[in-house]
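So the structure is just underneath, and the comments pick up after that.
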Amino acid sequence: MASAVRAVLPLFQRPFSSGASNSLGVSAKRTLRYREKHVVALLLVFFTVICFGTIWFLPDLSSSLLPEDSAILSVYKRVQNAAPEFVLGIPPPPSLDEAETAPHKFEVHGHRLDIGKSRDKELLEAKINADKDVAKIVLERPMSIETGNRTGDVSININDEKKGDEKKTVIDHSLVPGSTAGGFFLGPIKGVIQGGEDPDPIIRERRNKVKEMMVHAWNGYAQYAWGMNEVRPISQKPHNPGIFGHGGLGATIVDGLDTLFIMGLMDEFQKGRDWVAQHFHIESADSLVSVFETNIRFVGGFLACYALSGDPVFIQKAEETAEHLLPAFQSPTGIPYSLVNINSGASKNYNWASGSASILSELGTLHLEFAYLSDITGRPVFREKVQHIRDFLQDLKKPKGLYPNYLNPKSGKWGQAHVSMGALGDSFYEYLLKSYIQMNGKDVQAREMYSEAVTAVSKYLLKKSKGGLIYFADMRFERLEHKMDHLACFAGGMYALGAKAINDSSSAYYMSMAKEIAHTCHESYSRTPTGLGPESFRFNEPGSEAQTSRHNEKYYILRPETFETYFVLWRLTKDPIYREWGWEAVQ
């Protein structure tokens, strides 16, 4: 460092004109002062170090696959070990070693897969087409299932489109894999699970295509990541994101079982059910997990499977999982923390969340699961925990009737003045309405809180663009940001469902707004090259409404909110446009 300073000092010995004259009228010249020389010299040294540092110390990025000992990967691992909450859901860079030792994992139909070009449409389509033969076999399975007269008898309707007739057979419960002779139990299923019986052949074909997509996704996960939380479809490697701790909890299995059941994919359902019974242990998370994510994926997933199948193993697993979430409620106010250590019970909030506050959408998205769990287990503790949250929120003073996104679990006061129907707020409102429906209209508190909340949201956040699109803006410190998250697209379905369930003088207005929101979200899809909507979209300029120019918003991560709105509006209105919009996204 000293030698570098000495090397550059001679550059500053040259005199500079001051541009002024002395008292004799002679132009005076002076050199830089000693302190000024050192300041300039230090600046030069600083920029020299930065420039040479980028050359010598940054990793080689010439390859799309980074070696295991690369600087990027080592930094990722250090951050992951020191503060896992900073890398929640962020995958590490891929491994060069794996590409060399298992090159088949990076090939599709013999073509080398460049991860840097993972969106190559032709390669991805080729991968999907490769699974079609398997999918066709699966699609030949029965589509409609109902219980027989005695517990466990299964009546299967097989629709033969070519012959135009229907066959029916009854399978003895003892012959079903894993039955009482092996653990499988089909209990209180009421009615028929609808399959491919739609009279419209085009609809039947489309439905089968969606089912084929499910089979493709499930088979890919089962082949490359069975028992882990997720699969990376391009590198074909398992992935366990930090929100579920360090262990593999089979999140994809648990989260997908009810869909498999509804689609009639009973072999896959049985395989997943058996894995849950034998291998799922919430204690294997062995670190901090997200209370919110663990509840909706695991507790909710198990409860949905129990509601569909009646298999008691799902009650057991749901209860065990929820039991390990209870320590998160041990705050001075009873408002749960966002993260809990499954084994120690230690809880905390995210540091980034407005001074370590709890998040509205997370603390408000527990009620349906915990209330139902109390109902079927007879243990009131779960309902009591979430009912306390509801009571606490009802008693709080809301600015303009709005619910800010942050609530401090220690002081019980609102955090940063940010209100949103998208990220951080969304499902709180949804759960108020669905709790009212879940209780068959008897949860008056939920209905009142929902009605008051959506009245305020509609007044202050629901806006109309210059181009005529209805959207939800975000509010920060009473100033609107004209941006709508994809997450907020669920609200079209929520408004429609509320209009139907509550059915009062405001129903016509909310149904109208539901259709407008659905239209806006469809526009966010149709105005992109892929036909898939961005993570967020904006309404600042008339020529680019429902679009985004920001790179950090130009991505799609299988968000379901828009499709839920299409689904609810189709069921309530029977307008075929919502099926058509859904099919556009499928394509």
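For all residues, glycine too, the Cβ spot is worked out from N, Cα and C.
Predicted automatically and left uncurated, TrEMBL annotations should be read as such.
Taken from TrEMBL, the feature active site, proton donor covers Glu293, Glu535. Sequence annotations record features per position, and here TrEMBL assigns active site to Asp426, Glu561. Annotation source TrEMBL lists disulfide bond at Cys489-Cys521. What TrEMBL lists as transmembrane segment is 39-58.
Distance from the CA of Glu535 (active site, proton donor) to the CA of Cys489 (disulfide bond) is 11 Å. Nearest by CA distance to Asp426 (active site), out of the active-site residues Glu293, Glu535, Glu561, is Glu561. With respect to their backbone Cα atoms, Glu561 (active site) and Cys521 (disulfide bond) stand 9 Å from each other. A simple Cβ count within 10 Å picks out one of the disulfide-bonded residues Cys489, Cys521 as the most packed, and that one is Cys489. Distance from the CA of Cys521 (disulfide bond) to the CA of Glu535 (active site, proton donor) is 11 Å. Cβ neighbour count within 10 Å across all protein chains ranks Glu561 highest among the active-site residues Glu293, Glu535, Glu561. Note: the Cα of Cys521 (disulfide bond) and the Cα of Glu293 (active site, proton donor) are spaced 25 Å from each other.
Counting Cβ atoms from all protein chains shown, Asp426 (active site) has 25 others lying within 10 Å of its own Cβ.
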